[in-house]
Amino acid sequence: MKSLILLAILAALAVVTLCYGEWQKEENFCFDIVSVHSLNWHRAQESHESMESYELNPFINRRHANTFISPQQRWRAKVQERIRERSKPVHELNREACDDYRLCERYAMVYGYNAAYNRYFRKRRGAK
């Protein structure tokens, strides 16, 4: 916390130093920056994130983590995932195959996944 306060003071000094010559202008950009930062600082101080939950313990035990999802919903989610796996587009399957092979992945970072897949996994023309 001490370092945060020190950092805020240093930032304020930097803004004052950089904007020293612009204080006399009508359209003062530096004043806008300082006011926005002070507003954000004020909001951060008012934040009550740890007090948002009115429960005694907002964290759920590992054993009870999935109790709010019914078994029917879990089964349906697994079925939908299997359907998605079967109906993936060809380019996505090619990309996954390329991601599993390190050389193909590196080649894909430079030339793209389509070129990398063609280089490492497609049979070359004329080869048997």
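In case you wondered, yes, glycine gets a Cβ from its N, Cα and C as well.
A TrEMBL annotation is a machine prediction, not a hand-curated record.
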Check for me: which candidate out of Cys30, Cys98 does TrEMBL give as the disulfide partner of Cys104?
Cys98
Out of Cys98, Cys104, give me whichever of these disulfide-bonded residues has the highest number of other Cβ atoms within 10 Å.
Cys98
When the domain 'Gla' (76-122) is classified with DSSP, how many of its residues are helical, how many are strand and how many are coil?
40 helix, 0 strand, 7 coil
